[in-house]
Structures are given as C-alpha cells and as structure tokens.
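Visitor: Okay, these came from Swiss-Prot:
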- C113: active site, nucleophile (ACT_SITE)
- C210: active site, cysteine persulfide intermediate (ACT_SITE)
- A19, M20, S21, G22, G23, V24, D25, S26, L45, G137: ATP binding site (BINDING)
- C113-C210: disulfide bond (DISULFID)
- H138: site 'Interaction with tRNA' (SITE)
- Q352: site 'Interaction with tRNA' (SITE)
Amino acid sequence: MLNSLDLEGRPEDTRVVVAMSGGVDSSVTAALLKSQGYDVVGITLQLYDHGAATHRKGACCAGQDIHDARNVAERLGIPHYVLDYEDRFRESVIDNFAASYASGETPVPCIECNRAIKFGDLLKTARELGASVLATGHYVASRRLPDGSRALTCAADADRDQSYFLFATTREQLDYLRFPLGDMTKPEVRELARRFELEVADKHDSQDICFVPTGRYTDIIGKLRPNAMEPGEIVDLNGRVLGAHQGIANYTIGQRKGLGIAAGAPLYVVKLDVTTRRVVVGPREALRTHRITLREVNWIGDGALDAAVRDGLELFVRVRSTRAPQPAWLRGADGSYEVELVGGEEGVSPGQACVFYDAASGRARVLGGGFIQSAVAESSATAGLVRPQRVAEPVRG
C-alpha cells in the first residue's frame, strides 16, 4: 500500500525534506505534508547576501525570506536548517550567468539553479538526512509510471506552470522529487496558507532574478565580465553602420526597443557578434527560423534518446518560458541534436531552453530539452525536411 507520496510505509515513518524559500508555495508544501503526518524537515538555502534585496518585494532567497521560512517552521513545529550555499551559487549560477551574456547568449539562471543547487546539492543533503524524498513548491507535477519510475508533467495551473525551468531534471532526481502543489491553483494555495494560519499567505511572489536586487542585470555582468560592456557598432544585415552601443550584454535576440537608431522601418536585434562586438539588426522577417541546434540535451521520455529520435520524433517544443509549445520534430544522435519547427519561430535566442513536451496543452508530459546553441537562418533552415514517423505517446494523469 502506497502513501500519498507513492512510497511504501506510514507517513509518520517517512521523512521528507522540504526546500523552504520563505514564500507561500514552499510554506504550504511543508504545512500540507506535516498535516498528513509526515516527518518533515525544512531546509532553506542562503544563496547570496545583498542588503538592498533582503527587504525588496519581488526578490527571493534573501534575508527576509530566511526569516519567514524560520517562522513558518516554528509555526508548524518542524526542524529547520539554513545552509550557506553562497560560494556554490556564485560559481554555478552567477558566474555562468555573466559568462553566458558575455558570449552573446540570453541565459535562464533559474534552470541552472534548479539543476545544480536545488536538485543537485540539496537533494544530496536530503539523502544524508535520511529523507525518503525531497519536496518543493514548484508548480509542476510528477506521475508514477507502471514500472515504478516517474514522469514529469505540467501543472494544473497553466498560468503558474514551471515545467520549462525543470527540463534538466534527470530521471534519478525525478524519482526522488515530489511536487505537492502540482494539482492546485495559486488561489487554492493561498487559501490553504490562510487555513494553516501562515503569515506568508499574502506575501508577494518572487519575480526578479534573485541575485539582481536592483533589477539591472548589467550591473552584475559589468562587474564579472567587463568585456561584455565594451562599446561597439550597431550594423544592418549588410554591415552598414547605423549607430553605436555600450555593450552587447544590453541586448538580446528579438529586441526592438532601446536600439537608439533611426530607421524608416522597425528594426530588431538578429545577431550578437562577440568577436567584433557588433549588434546586427534587421527586419522582423530576419528573426524567423525553422531549425534550432541544441546542446546539453536531457531526455526523460521513455527509452533511450537516440532510439527515440532514430527516425525523427514528433513532439512539441517551447523556446521561451512565455511562449506556448509548438509542433516540431527532433532528430540527431550521439550528442548532436536539432529541432525542426513546423510553423517556425521568431526571436529564438541562444542560451534559452528548448523544452520538449508530448502535447501542446493540458497536463502534457515533459520529455526533456536542451539549451539553444543556435538558430539557423530562414533561408537555409527549410531545406530537406523529412517528416518523422515516430510519435511520442502522452502520459495520462
């Protein structure tokens, strides 16, 4: 007989570590599991120390959040520990963030934080504490498959779904993780917080990059990678100089505003040339692509990745967290993979994630994903497309 976490044994005999950020979601996660009788231990990670951020609405992981997490733990009567991960976070997340921008990419630091810190280091700590699982307040769900493994699926609350940021979760990590809020909406979570009489019930959600207290990410990049803030030229597709810029880190693919140049028609950033420090701009149609190359592909679908894509795998992909999944197919082998977009996309930026799903909406299963290495120009992206025969089977939850 399995308990509510799909584990054998009584809740009171099952230790669960909850990653407590000090926000309402992780606090309700801890409260729910405690109310169900589990042996809950709360852990909060101190990831950085920015004085301005400690009391700033919209930031997360700062001093006030640690205080809030501790108060919730006391309210629930559970042990609570604060672990200093500042050095690890700086090396794995902040330094990589700055390096990515300096190389002309637009990174997603939350993905690396989940992969390296929360689901890497913290998961290891949870095991050392004798926990059977690590639970988080992410809006995503997992389902037990017939063979006992788990599938990662989208959350019930589509507006809050965080599956895009968790594509790099490995199968081994997924087996150990639980997401109790996956079947709830945000209003339901806040209502539970009030029922549990948690002080954070109406606390603002985190919105900013947690280690950028002012919201100006270029401050961090300029300090760690000053070369990314060196001035250069803004040119059109033919190399004609249109203006000047104060650092490629100020720009991202698809950007239109803030170019500071006069033109007869709207111009968009279509390329960042790190070698020449040039920002290349062009018309909107120059942003369109049908083919994306990927790196660091993670596969959590059924079977082995190369076997799944041998004849091309039809699926759905999301190339930004704010965009809906679009039909595509995946092909490649031996670590080299490409995604071909059926309808094409605009403004695909290197450094962002391309996440694989088995359906375009609903409780779709996450099949994995990779980081975007490059977007092939439209003129060469549509040649020789061969429709795949293998189709991903959706998981019904």
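Every residue, even glycine, has its Cβ placed from backbone N, Cα and C.
From a predicted model like this one, the values you see are computed outputs, not experimental measurements.
Please situate the listed features within the shown structure.
Guide: The secondary structure of C113 (active site, nucleophile), as reduced to three states from DSSP, is helical. Listed in sequence order, L47, F89, S92, V93 are the same-chain residues at least 6 apart in sequence whose CB falls under 8 Å from the CB of C113 (active site, nucleophile).
For C210 (active site, cysteine persulfide intermediate), the number of other Cβ atoms no farther than 10 Å from its own Cβ, over all displayed protein chains, is 24. Under the DSSP three-state reduction, C210 (active site, cysteine persulfide intermediate) is assigned to coil, being neither helix nor strand.
Every protein chain considered, the tally of other Cβ atoms within 10 Å of the Cβ of S21 (ATP binding site) stands at 26.
DSSP assigns H138 (site 'Interaction with tRNA') to coil, not to a helix or a strand. Annotation for H138 (site 'Interaction with tRNA'): spatial neighbours D25, Q162, F165, L166, F179, L181, G182, criterion Cβ-Cβ under 8 Å with sequence separation of six or more.
DSSP assigns Q352 (site 'Interaction with tRNA') to coil in the three-state reduction, placing it in neither a helix nor a strand.
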Visitor: Long-range same-chain neighbours of Q352 (site 'Interaction with tRNA'), Cβ under 8 Å, sequence gap at least 6?
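Guide: Set apart from Q352 (site 'Interaction with tRNA') by at least 6 residues yet with Cβ under 8 Å, we have T106, P107, V108, V319, R320, F371, I372.
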Visitor: Which number gives the other C-beta atoms within 10 angstroms of the C-beta of L45 (ATP binding site), all protein chains shown included?
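Guide: Counting Cβ neighbours of L45 (ATP binding site) within 10 Å gives 26.
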Visitor: Across the listed ATP-binding residues, A19, M20, S21, G22, G23, V24, D25, S26, L45, G137, what is the farthest Cα to Cα distance, given in whole Å?
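Guide: Across A19, M20, S21, G22, G23, V24, D25, S26, L45, G137, the two farthest Cα atoms sit 16 Å apart.
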Visitor: Which state, by DSSP, holds D25 (ATP binding site): helix, strand or coil?
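Guide: It is helical.
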